[in-house]
Every structure is written in structure tokens, then in C-alpha cells.
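Peer 1: Under the heading domain 'RNase H type-2', Swiss-Prot lists 53-297, citing sequence analysis as support. Among the features that Swiss-Prot reports, divalent metal cation binding site is placed at 59, 60, 163, with the record citing sequence analysis.
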């Protein structure tokens, strides 16, 4: 099952990033991903209790650049492969070299990209463009991307789970999710929207309707180096964005986007001063603001 979607409103899929956010968004979020329905609900991925509890690793890339989107990815690995990195569950698998994408060379990340997509039970990549970053700020844009990734992947999997015609197991088999978020904070999800799809936060203090799909969420500091599912998401996000910047480097010669990937290097800032601001530059970031105001000359950032 392939996922391809564009979202023009932050409430269309996730609820507002913050209470005073104006809707709709001026630029669309783009979602792309895949669910391997046969593998996802195979007996190999059932828990000892007979149900399914999927660990969804979530990571982002691109908060610091002056140019382009921030990209968030979410990934579910097979149960036998999903766990803390130090346990060594990926040894002798096609993902044996998987770790935090920042510790991998570009060549190794590229080598892992297709195998991660091929062997993941499900994955989703969310692209939050520069226009949205300028509209709601980079922090809220990152949170929004994480919300979309978490919610939409849970919703799509729950839809498949409820469709008995696509499953090798009965749809009454319990289903749950554990969200593993790279960083020190779990984004607030739109629980009202999730409830309309029969998904709720696991809470032992509240009586919940029977048959609800439950989820919990954890923040993992440096999680991309600590958990295989987060590391897989990290590689997907990094390679997706890098490929985008390499393509844009060919579209916009002279800016060096294919090299610095949009980050505020001296060469990038000098190129902006010399060649001008591109549509995908983040106008809310200081060096870009200075270029627009004509005050960038002689100033560089590293």
C-alpha cells in the first residue's frame, strides 16, 4: 500500500501546531510512504499475547539550514529487528550497518536507503516546506511534521487492520503502537482526531471503550544512536532531504546546495549575497532576512 498525499491545512491531518495558528497553511506538506500489509500483520510480528504492538521510530532532519524543507520520517521495523541498538538485533541482516545517520557516510546512508524502505513494515516521510517554516517558525514546523508522521501512519495502519479482507489474521486481534521520538519532548497529538479513527492514548486512569487501538509515546534523547527504528527513520529523512538538495543544486547552479545541503556555511551565505534569495530560502532566518534587506554584504555565518 503506497501513501502519497499533500496537506494544505495543519488541521487536515493533525490539528493546529499551536492554538493561534492561522489556517490553512500557505504551502502544502507532502507525505510519501508505504505499508507492507502482508508482512506487517504476519505471525512473526505478533507479541507473545497474540496481538500486534508496533514500535514507530520518528526522527527529523533540516532544522538548521537556511534553505529547503524540514523532513520528518517514521519507520516500523520487523519485530525481530526493532529494539535498542546495543542489543545487536540487526547483525547478519541487510541493515547490519544501520546506526545514527549522522555517524554514517553519505555513501553508506545511500546504500541503506532502499533496504530500509524494502524491509520496513511501514514508513512515512513528511516534508514541511520553507513556506510553512516561515509561517509558523521552525520549532512548530518540526513539531507539526512529527505530528503528521505519527498520526497518519497510525491512522493508515489502523484502517488496514480493520479491513479484514486484507489481513491474514482476524481484525479482532489487538493492535497498539509505541511512538519512539528522537529528542527530549513528545509532541502533543490530536487525540480528538485520532479518536474518530478508534485510536486513543493508553491511560490506565481512564475507562476507555472496548476495541480502541491504544498508543503510548516516549522521547529518546539521541534516540537515533540508541534504537534501530529511530535510526531507520533517521536514514530515511536524511537521504530524502539530501537527494532533494542535490536535485535543487542542479536547478540553481552557483549556490552549492548539493554540497552544503542548505546549511549556513560561508560559501552559502556568500552565494546568497551574490546571486540573491531563492523561493525555497527560509525568509524567517536572519541571513536570508539580511539578504532581502540588502545588509548581508560582508557578513558570513558558519
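Each position is counted from 1, following the chain as shown.
Any Cβ shown, glycine's included, is placed from N, Cα and C.
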Peer 1: Just name the most isolated of the binding-site residues 59, 60, 163, going by other Cβ atoms within 10 Å of its Cβ.
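Peer 2: Output over binding-site residues 59, 60, 163: least Cβ neighbours within 10 Å is 163.
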Peer 1: For the domain 'RNase H type-2' (53-297), what's the mean pLDDT in this predicted model?
Peer 2: 93
